[in-house]
């Protein structure tokens, strides 16, 4: 039997779709984007310091080459945060649909701050204890980062107007590039300062003296710096109201949605009362969900999975690619801080320009290789983040984005572990210490190219969202129309 109840107001959602771009849009971009800036910094800064960690903790006295992380340690240090991110995307994506975007957003931020600081502390003095605690805190850091993916995208999508929604979500994701740049810049500055304060000879000249004791502070400072932008934006995150679409469509509190958006849009939005029929909504893995959105979820998850195999392989192991093509000098010809400085400079130039000046014989390889990062970020790396925030119903939006992002991190894990082994020289005697022979750097890059072509085919499962509201894309409006039809029939019966 029907009863009087607050109807979630479609008026406020219509006003949001039609609203002109204004201050609160840009504030939401900055607040959501700074979280993603922190995510990128924390995930990718580890690739800058792994060679330094190898020198500090695994150099063997009398060896002709500087120390490097053993295969199992290298795989753990590079991949453990990705494992945590995958778990966090699934958990916090689900929790964001259950408890609300705003509340869970604050939890993920504080987790990131605490674990970023603890990653730099990494208690202990032996290699085993330092690497173990580093991996422990990097896992939980990744867990917090994982929550930021679906929540940042969902919050921005649900605040945006219809015309510029994709651009605003992409603007949030663009902060990933700035985070990577910041990581390289911080590494350059910190290593440059310590190089000037503690000058050292190359390893080939003085193996012991090439690793100054102060070098142990360098990697810790670089990792802990990632907590700073998250701390600076915490206050503003707490001041953001819950997204109106969650409040109206999921929490079913139309009055609160109208109240919040009246303040945000600076206009008066009045809520109305309607007679409504209670409808049983379909569940996430129900037949109805699979009929409406099953292939969409397959498309977003598979595209992100395949993309990240290639993207993270190259980002985490750029330094190895640079060494393979002769852009970086041999390790023994540099001190520990010299190597960190040159790795950071190379990766920052790639991230900044897409093209860099390289050795005369390899300049075109470096140019083309740099362009792969430009077009990856310009295209699929952005759209895989944008689309899942637009095409699923409000009550599943954060969860489905989390599932899609987690599929991406599964690909990243495969890339991080697989590329580490596959890219080794085909001659075992020339492979890194402790590693078996691989298929070589050239063949590994060709495999990544094939993977991207396969990903292209799965894009045809994803619908176009341009010019449509979130309710049109997710087909939430169909449920509203069905409900309104039932309301009218119920009112007629009562009359």
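One-based numbering along the chain as shown.
Glycine is no exception: its Cβ is also placed from the backbone N, Cα and C atoms.
Automated prediction, rather than curation, is the source of TrEMBL annotations.
The annotation transmembrane segment is assigned in TrEMBL to 28-53, 73-92, 104-123, 129-147, 168-197, 217-236, 362-379, 400-423, 443-463. Taken from TrEMBL, the feature domain 'Major facilitator superfamily (MFS) profile' applies to 28-467. Taken from TrEMBL, the feature region 'Disordered' covers 467-495. The compositional bias 'Basic and acidic residues' feature in TrEMBL is assigned to 467-476, 486-495.
Counted over residue pairs 6 or more apart, the CB atoms of the transmembrane segment (400-423) and the transmembrane segment (168-197) come under 8 Å in fewer than three pairs, which marks the two as apart.
Between the transmembrane segment (73-92) and the stretches 28-53, 129-147, 443-463, it is 129-147 that has the most C-beta pairs under 8 angstroms. Here the listed stretches are 129-147, 168-197, 217-236, 443-463, and the one with the most C-beta pairs under 8 angstroms to the transmembrane segment (28-53) is 168-197. Taking the domain 'Major facilitator superfamily (MFS) profile' (28-467) as a whole, pLDDT averages 84 in the prediction.
For the transmembrane segment (129-147), the residues of the chain that approach it from at least six positions outside its boundaries are 38-39, 42-43, 46, 53, 57, 73, 76-77, 80-93, 95-96, 104-105, 107-112, 115-116, 118-119, 121-123, 402, 405-406, 409, judged by C-beta separation under 8 angstroms. Using a Cβ-Cβ cut-off under 8 Å and counting only residues 6 or more beyond its ends in the same chain, the transmembrane segment (217-236) has close neighbours at 27, 30-31, 34-35, 37-38, 41-42, 45-46, 48-49, 52-53, 56, 106, 109-110, 112-114, 116-117, 119-122, 183, 186-187, 190-191, 194, 337, 340.
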